[in-house]
Every structure is written in C-alpha cells, then in structure tokens.
Amino acid sequence: MKMWKRRGQKKSMFLSSLLVCCMFASAEYSSCGEYEFFNQTSNSCQACPQCRPGQEPNMSCGHGMKDEGFACVPCPQGKYSKGKYEICRRHKDCNALYKATVREPGTAEKDAECGPCLPGYYMLENRARNLYAMVCHSCQNAPLNTKECKKTTEAIIKPPINPGSTTVLPHPGSPGQGHLATALIIAMSTIFIMAIAIVLIIMFYILKAKPNGQACCSGQVVKAVEAQTNKLEDKKDVPDNVVIFPEKEEYDKLKASPQKTVKSENDASSENEQLLSRSIDSDEEPTSDKLRSSEATNHNLCQANVGYKPDLCLLSLGLLDHRVVCNGTPASAGSQANNTQAPNHITSSNVSSMNAINNNNKTPGMLQSRRKKILDLYARTCHVTEGLSPTELPFDCLEKASRMLSSSYSSDAAVVKTWRHLAESFGLKRDEIGGMSDGLQLFERVSTAGYSIPDLLARLVQIERLDAVESLCADVLGSNEIVALVGRQSVNSFHSQLVCPSPCTSPSPRCASV
C-alpha cells in the first residue's frame, strides 16, 4: 500500500510541474506583439524581420510565433509593396477601370499613377481631382459644351488633309465587299416585304371574320349620343330654385392621375440627383413667413386623415419641411373635426397636392449642394483610408453597406445600381459574380485582389451610388463630423408618424473608431 501511495504522489507532482511549465510558456508567447516572435534562446520577444520595398513575407510571423523558413520574396509582375510587413498589391489599371492614360507606370516599389482621360472620355468638373477620383465618363452622355468631347468630334469631322494636294482619291475597295453589300440589301428588302405581306393577310382575315364590327361601333356611338341627350333633358326638367352639387364630376377630377414629371436630359449627374431625392431632406429650415404662406395655400392638406392611411410613410420627405399644421393641431384632428366629406375622398384629393409640394422642395440647387457635400466627404475619406483594404473595416459597417447595395429600386431617371454592377466595375466576370450571394463576398474578393477602400469608393461614385458613399464615409469619419458637414434636421413627433424610420441613423462606435 505504501508503494502505491508513493507512486501516486510522484505522478501528481509530475503533472503539476508540467502544467506550470505550460502556463509559463503560454504566458511568454502571449506577451509578444503583432509583429514579434518568442525567441527561446534569449527567452524574450524579438521583432520579425522586415522586408524591403518591392518584397513581401512568404510566411507568417507575429504574436509570439514564427514559421520555419520565413523569408522575404520579391513581388510578382504587376504588383507592388511598400516594404516592412505589407503584402504585394496589384497595380492600378488606369486604362480599363479609370478610362485614363498612364502618367507613370507602376513598379515593384510603387503603384501606377493615372493621367488625363482617354480620347472619347471626360471627367466631371465638380468632382475632387485627386488620385482616386480620376473617374472618366464616356462622351456619349456628356453635355454639349464639354471641351474634351469637342476635341474628339472635331478630330473625327475634320480629318487631316495635305494642303499641297487638290484631289481626294477614294479608298480602294475590294470587289467582294461590293457584292456582299448588294446581297445584304436584297435579303433585307425581301424580308421586309414578306413581313408587310403577312401583316396585310392577317388583317384581311380578321376583318373578314368580323363583318359586324362597324355596325357594333356605330351602335355604341348612337347609344352615347342618346345618353347625352337624356342628360340634357333631365337638366332642363329641374327647377331653377334647386341647387345641384356636382359631386360625381368633382370625384372624377380627383381620380385623374397626376402629371408625370419631366425627366432631365442633362449629363450623368442628373441621374444621381434623382436618386438622391429619395433619401435626403431639404438642408435649410423654412422661415415663419413660408410656413404661414404654406398654411394659406395648402389648407386642404390639414384635412388628411392619418388613421385611414398607414402607408403615408411612402410619401416624399418634402412634407417634413412644410410642417403642415392648422391652428396648432395636427392633420388627423382636422379630419375628425370636418365631417362634410368622407375620409377616403379627402385623402385621395390631397395625395396629388402632397406630391406637388415634394417636387417643389427638391430643387436642383439643394441636390447640387448635397452632392458636393458627399463628394467632399469622399475626398476626405480617401485621404484617411489610403492603403487600407475594405475588409479592415468592422463587420457591421460592411454589412450595412452590403444591405444598401442589395436593395434595388427604380427612380424617375434610371435604375439604381446594386452590388452586381459594382462587381462589374471591378472587372469581374459574370460567372464569378453569379457565385456570390451578397456584397460581403464582393468586399472580401476585392480585398484579396489588392484593392483599397478608396478604390471601392471610386467604383461607387462611378456607378452613381452616392448614398452608399455617404454611408461608408460616415462610418469611417464618425457621426460628429458628418452632422457638421451634412446638417440633417430633426423631426418632431407628428412628422415621425408619416416617415418610415431609417435602418441606421448613426454609425456604431466600432465603425467610428476606424
């Protein structure tokens, strides 16, 4: 028995000593920094070897561990690195992505630098002219007075002619091309004639199968004329002292569809202004004089019954700036006090006036100032996040941007681009885009390819998604600076019943810490 007790004591002592050694070893490894490894010879943490510019580490080193065979290897062709512990990144593709010329080609130690736009492309003047804002657009959508596009059209219209020669020789063409053009014209003419003949035959059989069509139509006309004459006779029979309320005629007028807004045919920025009008309020609060005038001219709006319209949050945000109030009471109280008309009749007669107020509030000047502020935020964010990849942002920031890019809706000018259009702007193939489910996978893919946060913002500007640019800039710069620059206005309790709440009113502390 004593022998067994001694053996048990020896085993327990051995296990306890082994646990103590493991605890000391783990404590020593955990005390090392991000780019340090634990040297068992010197029993201390040492810094990992740094690579020179144009090189990258082939193994991992840091947090107390160092892989065997750690060394610095040169960057492959088409990539660059600034040295130390940075991996090699791909050079900027000025021609394919930015549609610009190459000012300085990229080397193994620095990135490529883009120059002016390619022939047939131009750059908007109201955008920041920095390294990451060199986004050129096609001259097909350019205004008439664009200088870069004028040069291209003049070069096409006025080809160079030798002043010494007085005759212009035609271009020699092969006889085979002439015969091919003739055959193509004959084939197209034959197809066109056959199509016309088929249409005429079908129309002939349709008219032959329905011989009583004209009689039916003439009978309908006769019935309509008789109905009008009967109405006139009924009106004549009514005495003069009887008052007739034309409720049906007024109701028919109210049921008429509102006029469609005229689309702007300006440059590519007009489409973005129409998109921004869905998500912004007016930047300036109306004065008391404007409030009095709006109460006098739009007093019918105070009769809108909010209780009968739970989906009034889909109305334009222009109602927030007008603050429709009658004698200190909200619109719902006005509708309850007035019992002369039905609620459905009141609301149907006021929807068109609400849309008219919304269209008057969102003037082009407000949209331009809003666009300028967002582009200023974009330029500042590019300066702050230079060299950072998108995956270095917190997960909740990337998830919010992915949700914004996943929602697709149509505006008056164009269809809002989604993350799939963003992937196409990065040059990804459709097969690869089809394998992705959301924007988070796209952010991880472009980060692996070596693109940075400014590159991502530049693509968002290129596809006209300034709302996503504003969201990412707000997450990076923080809420205080965004409030000072953009100046959003607060909403009182009554108007909060009319507007759907925003999914993310302010960036989280994790986003603002970037």
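Glycine too: its Cβ is placed from the backbone N, Cα and C atoms.
Between C61 and the candidates C45, C48, C75, Swiss-Prot records a disulfide bond only with C48. Between C32 and the candidates C21, C45, C51, Swiss-Prot records the disulphide bond with C45. Each of C94, C136 is a candidate, yet Swiss-Prot gives the disulfide link of C114 to C94.
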